[in-house]
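Going by TrEMBL, these are the annotated features:
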| type | residues | note |
| --- | --- | --- |
| COMPBIAS | 512-524 | compositional bias 'Basic and acidic residues' |
| REGION | 1-24 | region 'Disordered' |
| REGION | 491-524 | region 'Disordered' |
| TRANSMEM | 33-53 | transmembrane segment |
| TRANSMEM | 65-91 | transmembrane segment |
| TRANSMEM | 112-136 | transmembrane segment |
| TRANSMEM | 156-176 | transmembrane segment |
| TRANSMEM | 188-210 | transmembrane segment |
| TRANSMEM | 222-241 | transmembrane segment |
| TRANSMEM | 262-283 | transmembrane segment |
| TRANSMEM | 303-323 | transmembrane segment |
| TRANSMEM | 358-380 | transmembrane segment |
| TRANSMEM | 386-404 | transmembrane segment |
| TRANSMEM | 416-437 | transmembrane segment |
| TRANSMEM | 443-462 | transmembrane segment |
Amino acid sequence: MTDGPRQRSSTAGSAKDGDKESGGGGVALKKEIGLVSACGIIVGNIIGSGIFVSPKGVMENASSVGVALIVWIVTGVITAIGALCYAELGVTIPKSGGDYSYVKDIFGGLAGFLRLWIAVLVIYPTNQAVIALTFSNYVLQPLFPTCFPPENGLRLLAAVCLLLLTWVNCSSVRWATRVQDIFTAGKLLALALIIIMGIVQICKGEYYWLEPANAFEPFQDYDVGLIALAFLQGSFAYGGWNFLNYVTEELVDPYVNLPRAIFISIPLVTFVYVFANIAYVTAMSPPELLASNAVAVTFGEKLLGVMSWIMPISVALSTFGGVNGSLFTSSRLFFAGAREGHLPSLLAMIHVKRCTPIPALLFTCLSTLLMLCTSDMYTLINYVGFINYLFYGVTVAGQIVLRFKQPNIHRPIKVSLIWPVIYLIFWAFLLIFSLYSEPVVCGIGLAIMLTGVPVYFLGVYWDNKPQCFDAFVDKMTYLGQKFCVVVYPAESSSSGSGEEGEEMKEAMSPLSKDDGDNHKSADC
């Protein structure tokens, strides 16, 4: 939401400056992300907690081992198609903010705001809550070998994890990146162990559930609606495939490296996911897998013996790093939204010395803690999967709309329209049968999204707000700045020139005007 006329001026100014930075003679983002780093961004953001959580949900809804494996493969293929469509949009509309920016530019401010609104309220907090719950589940499971860990204990440990990592991210960007580097090794160790042990099991002849006659033997009646939910569970595990679009401006030769990174990374992740699930069923029958709330831990207990402690520790490291990565990257969307005037300007401010987005991190932490109190993690996954797929489809549909609205716009990457059509057919199947099978879960997700409509008209569309309201917002922004010791980033507060620069200086609240000059030399 905008913070009244003064903040709206600042937002407009910073947006213009951003355009200058990306396309003119001003300061530009450094193009330092090569092909290997681009692949690392995609793979690192996709492989998080999903492969350790979703196998149970996919198997339960797929009704057989064979269909579950098909779900994992098809979801990987569809993810690759969606990523290819996003690649075209990413180089056609080279803006920060990813699909939020694409939807806003193609379908207008309200549609973009709803994407931002649902991401702020549901997608980021839910994703972080699910990963934090997975972390606590894998930490506590060895302490409760004969039963499930207590629900309150899971949520309490998840909350401690969130608070600790929020503090780390607020304290130092360097600390946050170090944490991410260290804990990435955990996920690689866990998945390598799972796949290697699965290969050993197959060599020993333990592949009963992989034989076609047994793989497609249902343990419950097949249901199209449930299979659609299986795809939603699988899509959660592939979440993060579109993150490279948030850093398109920083890619070396994006027209070449963006599609190459997609062609390398998505098949690699699909391979890892499919073989990890194959490994699971070499050691566990479907009933055993469904009875486990920590699939990888149960798998390790069956095959590693006295060394079974390695698996929960490895997965806990992976998910701990996943929470850190989600907290670290979510600020990009807040900055993009605040620059467009769709979020309070306080959320686009950083600490004057530490250069960390403390208000955005605190807001994300608070909303995630609230999400931990609402429901179990599998319902949270359904919320995220449904809403994410809803906007993925809207974004891909925007690619087709843009072809007709602006046929002559420069498209460095131009894919055949057959790919977005295939994606949208799958997308429609998924949404229709998800609504049919889980109308309450999907309905709640849609209702939460639609709450953004009155917020948009009152907070963004309504220009001439009462002076008392603007004064109140200014006061709250000022108090927030005092509390967090934050100001606008240098690019927004000092890069303007002429009238734009003066507008932006006028738009700064008292703290940023009084204290901004005192911190120009802060080492960011």
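Each Cβ is built from the backbone N, Cα and C atoms, and glycine gets one as well.
Within its own chain, the transmembrane segment (222-241) is flanked in space by residues 42, 45-46, 48, 50-51, 53-54, 57-64, 67-68, 71-72, 74-76, 79, 82-83, 127, 130, 265-266, 269, 273, 378, 381-382, 384-386, 388-389, 429-430, 432-434, 436-438, which lie at least six positions past its ends and keep a Cβ under 8 Å from the stretch. Same-chain residues lying 6 or more positions outside the transmembrane segment (416-437) and placing a CB less than 8 Å from one of its CB atoms are 78, 81-82, 84-85, 223-229, 231-232, 235, 382, 386, 389-390, 392-393, 396-397, 399-400, 403, 443.
Within its own chain, the transmembrane segment (303-323) has Cβ neighbours under 8 Å at 47-49, 52, 128, 131-132, 134-135, 138-139, 141-142, 161-162, 165, 179-180, 182-187, 189-190, 193, 197, 201, 283, 294, 296-297, counting only residues six or more beyond its boundaries. If you count C-beta pairs under 8 angstroms between the transmembrane segment (65-91) and each of 112-136, 262-283, 386-404, 443-462, the highest count goes to 262-283. Below 8 A, the CB atoms of the transmembrane segment (156-176) and the transmembrane segment (188-210) form no more than two pairs separated by six or more positions in the chain, fewer than 3 in all.
Outside the transmembrane segment (386-404), and at least 6 residues removed from its termini, the chain residues within Cβ reach (under 8 Å) are 82, 85-86, 88-89, 92, 99, 102-103, 106-107, 111, 115, 118, 122-123, 232, 235, 239, 242, 417, 420-421, 423-424, 427-428, 430-431, 434, 441-442, 445-446, 448-449.
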